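Structure first, then comments.
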Amino acid sequence: MGNADYECPRHVEIPPSKSFFKALKSSLKETFFPDDPFRQFKNQPTSRKLVLGLQHFVPIIEWAPRYTFDFFKSDLISGITIASLAVPQGISYANLANLPPIIGLYSSFVPPLVYAMLGSSKDLAVGTLAVASLLISSMLGKVVSPTENPKLYFQLALTSTFFAGAFQASLGFLRLGFVVDFLSHATIVGFMGGAATVVCLQQLKGVLGLIHFTHETDVISVMKSIFSQVHKWRWETAVLGCCFLFFLLLTRYFIGHLKKGLNPPSVSDLAFGSPYLSTAIKTGIVTGVIGLAVGPCVPQYLEGVAVGRSFAAFKNYHIDGNKEMIAFGMMNIAGSCTSCYLTGGPFSRTAVNFNAGCKTAVSNIVMATAVMFTLLFLTPLFHYTPLVVLSAIIMAAMLGLIDYEAVIHLWKVDKVDCIVCLGAYFGVVFGSVEIGLVIAVAVSLLRVLLFVARPRTFALGNIPNSSIYRSIDQYPVANNIPGVLILQIDAPIYFANANYLRERISRWIYEEEDKIKSCGQTSLHYVILDIGTVGSIDTSGITMLEEVQKNVDRKGLKLVIANPRSEVIKKLDKSKFIEKIGQEWIYLTVAEAVSACNFTLHTCKPNPGEIDGNRHDDSV
């Protein structure tokens, strides 16, 4: 750029400061109420606010008056369809959780009724969850044997369900739904794949007709248990598992008698005074999180709140995630008091509900009614359901959760995500479901910390025939500006990364000076920091900028700031950093900063370092 191209730069405005409480209020609102749920209450009379409040927390009050017979015909078909899936799934998953089979049917009666009143999804179908069932079996089975002490085990399962519901409802009431976002897509892919692998291996007990089997979930223990009992394998049950529809009555292993009747109350069975209460609480919290957010990204893994959001997108309606958490929590609390164990929104059942043409949550009511009919009149028929059939049902459901294509995709797109996925998978398969979950979350959090602590910095260059400046690595055609080093910081500046950024900027300067000397180019005069992507800065970050400025001054260079964001410029002003660097060295864009630097160089204006006598070389 020549001198004729230079235009007076625009002044960088400092936004008006807000009071501390106003700023805190704004920050809390954005954190806990990003969807502004109270906007519907504005400018409404008190009576209307009460009605809206009831409709907000009990959605059935809002949509029930508009319910039509045409809706009912669709919901009736959908409800009966998912009921046909709920009965075998309920029995199978209860077996997986080492609970009496009838508990699986109870869990498809009361919770769906509660969700139909409190839930906001039109498509989500409530039921038991395979992974949650495995977690209950794994975590509670370590402290209490379901075969030696079945009553205490059952009580702990109900207690963990109560705490899962309390935890879920608390997240919703306190607007803390973002907590479950720490389970990344890669974490869930690996965790679900590992859990599915473990579940399939454990079902070999039923397929091979084994009586005694390990309670451990890791693959080594399971394979030891299988191959140490080769002489006890029953090949006829293995054949039956492959074609049980033809040989259903030939097997010799049954699930036992299923008594008639609806859910008995179980408040007295909640073991709040048990010495194993801490285990029940831990199990409740882990299964509660899994029930809410298993797989927020890929449909095969969607469960809980994420399922409802996925199917809501197809029908173009909105779901409040925090309200869904409250609904899930209340249905599990109610379930724990009525002989049910943990329920959520399994993808398989919801997909069937959606494809069957459901219109509203009445499909859950229809399903619950069908299950009630089964409980009252049909349970004796399930006396002859063989274990191998239940194992086959579980294995069929689990095999669909092992998605090797997703792992390949992760490897192609982001290898760190793939490592997170594989860490979760092998943690579950060779350790336990808890170990796999801990490994996955720990690696994910470590990645977040590394991103915060080691943010990327780029050297920018000018795209030819434009005033655009982009990363030289991304755009090799971008030209360096003689005498000017342009750096972009790609993250907020906090105490965690301030020291790193100071050292990294110094290294950029050293490397640029060495490159200039080796090539015999024009000496370096200006360092421009593009902080347009720096959304926030703390006092450690400001101190870092001050130290960078001092370091740059000692070298006889000048620090220039470009594109500061609103919150950043406010803090730089309050900390007096702007006074130290000079308002004239803060620019609205990188192009204006470069233009000003070039103008100063070409008009031979002295550098501030030269005025101070700090210049250490003889260049301009």
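Using the three backbone atoms N, Cα and C, a Cβ is placed for every residue, glycine included.
In TrEMBL, annotation is done automatically, which means it is predicted and not curated.
Annotation comment: TrEMBL describes 474-597 as domain 'STAS'. Summarising the annotation, TrEMBL assigns transmembrane segment to 99-118, 124-144, 156-176, 182-201, 233-255, 325-344, 356-378, 384-404, 416-446.
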> So which of 99-118, 124-144, 325-344, 356-378, 416-446 is most in touch with the transmembrane segment (182-201), counting Cβ pairs under 8 Å?
Replying inline: 416-446
>> For a three-state summary based on DSSP, what are the helix, strand and coil counts in the domain 'STAS' (474-597)?
In response: 63 helix, 22 strand, 39 coil
> By a Cβ-Cβ criterion of under 8 Å, what residues six or more beyond either terminus of the transmembrane segment (325-344) are in contact with it?
Replying inline: 57, 94, 97, 99, 103, 106-112, 114-115, 118-120, 126-129, 132-133, 136, 157-162, 164-173, 177, 263-267, 269-270, 287-288, 291-292, 303-305
> What mean pLDDT score does the domain 'STAS' (474-597) have in the model?
Replying inline: 90
